[in-house]
Structure formats: structure tokens, C-alpha cells
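Novice: Sharing a structure, written as C-alpha cells. Questions coming.
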């Protein structure tokens, strides 16, 4: 017998030490335990460790006829009576048939309690400030109501294929550890089996729905009663839209500006290309460092990968057209030099084009002739689609102004259409 228990207090207290045995051993029938949960706070959902923290009030009720008592008989066994000026025609609230008798939390260990465990629990604790946060109430008919405040960290397997456009389903799974269904039955309370504090707010998720079900499980030692509550959490997408999707889209659009910059403006196009590539790479690395490691591709991985490819593609396009332009300049310069050398060795007397005549009687290679030759070679129609021509480089730039935005727009529509509509 525990120190401090006085068998002379009341009939209920005097028999508590005899009531630690499970009720089904006395009645021969399974003990039915009704369960209700009140969610006080929903602290956080951690996608890296795939768990969540929650604080609940666990409410259990069952009938143990051994604890039944008569309200009238309780008057003579040490139950304090109200002073005459406070006496009324009705019995005191503490001994009312509806509310029952509230027991001191320190005496809870003196009666039988259901052995409820949380199957997906990683860490849990009771609250003891300023007193143990437990309530035990016994009605005259032997109905026992037990409530305790518990903080839990529960595992929640999350599929991140659609992250951050995902919806997660987390669970609270309760099961009897010792008693099979032949000894103990668990069922949800018929009224308000699952309640949520309307004042709490999750920073990254919105609770959209919940459901309560039974999940009796068969083990090698027998079939054990089990109850499950599932709640659906939809991730708040706005923060990812502002922090990642909008900036990456703007960086991609900024990389297209180089298509409208002249091929000759090499420093400007290099600066713009390098800046956009570095910005996109930095943003991608910062995002991937914060995401949980997964063996599959997530929705945001597809977006960031494609945007990096577009920025890198704009840089490669500039390298290609710049190479065309520089090769063209080298070829034109070589041809001009050859033409000048040939003109100096030409001793012909005719001058049909009005070219100047050199001192040796040949055709002098004047700046007018050089300009005409360069324009004909560079901008002539017959050279428009020749490999490595300067004209082709300009056409590539013009085509990129349409091809890059158009292809990105198609990807944009397909991406959002798939992950939002399906």
C-alpha cells in the first residue's frame, strides 16, 4: 500500500489498491475504452527528420463497476460538507451523478488504467507544472474519465515528389500494448472524438481535413486494438513563390536581354551572362542545402534545373555567335590583305570602276575598295547562310529572341498545369 493512502477516507479510496487488476478479469468481458483527442498546439512539421510536434489532451473513459459508489454513503466517510450558509437543496457538484468525484492526481496510480501507446511516437512527455496535468473523475455508476496533457513528437512519412506544391497526411496511431481485442476494445467517442484548438496556426501548412478510423492490427501474439486519426496538411505555397519561383523567373528573363545587345558589345554580354549564371547557381545551391535529401526528383528540382539550363543556354548562345563574328573578322581581314597584295602586283591599264591608278600603272587598293569588299563579303545575300558568317550570327540572335521565350512559356504552362491541376 502506498504511503499516504488512508483506507478510512471513503469506500472508493479504501478499495483502490484492490483495483489495479484489469476489469476484464473480473467481468469476463472485454473492457471498452472510448478515446477522444483535443489538439492544443501543433508546433512544427519538420520535413528533414519527417516528424511533427503536437500537444494534446488525451481523454479516456471506461466503466469499472468496482469503483461504483453511492453518493449518500459518501457523506459519512470523510467527504467535507459545506458550511450551513452554503448548503442548498441540491447535492454538491463534486458528488453529482453527472460530473462524478474528482480524484487527486497523486492517487491515479492506485487504479487500473488502459495501456495506450503511440505507435509512431519518437519522443513524448507528460506535463507536471505546477502539478501533474492529469484528471481522474469517477461517477457513481463506476464510469471513469481520465484526461492527461501530453507533448509528442510523432513520425510522419512524407512524399516530397510535388514539393512545395505537396499535401501531406500525418497520423496519430494509438494501440494497446498488452491487451488483445479479447481483453480490451478501443473506439472513438461518439461525440467530438477529435477536436482542434482554433487559435493555433502553422507557419508552413494549413490543416484542411481530418478523419478518425480503426486500425486493429494482427501480431504473432494476437490481434490488438488500434485507433488512428489522420489529418491532411496542405503546404503554404506563397513563401516559395516569392522566395524562389519569382526570382528565378526574373533571372531567366534577364538573361534574354543579351539577345538584343550587339554582338560587338562583348563586355556587356559577358557581364550580363556571368551575373545571371552566378545568381541562378547561388539561388539553387541555397535551396538545395535547405531541402531534405531524397532519392527522387521533386517538383522544385525540376523548376530550378530547367531555369539553370535556360540561363546557361543564353550564355552558350553568346559564346557561339561571338565565335562566328570573330572568325568572320579574321577571314575578311585575310581576304582584304590578299586583295591589296594582288592589286599592287596588277599591271593592267584599264580602270573601268574609276579606281585610282598607282605609281607603277596598276590599280591602287583604296579604302573605298576595301569597304566595298567587306560589305559584299559580310552582308551579301550569297553569304547570308554560309557557315560562321557574321550574318548568320545575327540571325541566331534574332531566332533566340523568339525561341527562348516561347519554349520557356511552353514549359511554364506544362509545369503549373501538371502540378496544380493533377
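Here, residue 1 is simply the first one shown, and the rest follow in order.
Cβ atoms are placed via backbone N, Cα and C, with glycine included.
Where the annotation comes from TrEMBL, it is an automatic prediction and has not been curated.
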Novice: State the residue range annotated as transmembrane segment by TrEMBL; the candidates are 244-263, 324-343, 344-363, 364-383.
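Specialist: Spelled out, TrEMBL records transmembrane segment over residues 244-263, not the other listed ranges.
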Novice: According to TrEMBL, which stretch among 222-241, 402-421 corresponds to the feature transmembrane segment?
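Specialist: From TrEMBL, the annotated transmembrane segment range turns out to be 402-421.
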Novice: Within the domain 'Neurotransmitter-gated ion-channel transmembrane' (245-340), count helix residues (DSSP H, G, I), strand residues (E, B) and coil residues, in that order.
Specialist: 83 helix, 0 strand, 13 coil
Novice: Taking a Cβ cut-off under 8 Å, which residues six or more beyond the ends of the transmembrane segment (270-290) line up next to it in the same chain?
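Specialist: Distant contacts of the transmembrane segment (270-290): 244, 247-248, 251-252, 254-255, 257-258, 261, 300-301, 304, 307-308, 311-312, 314-315, 318.
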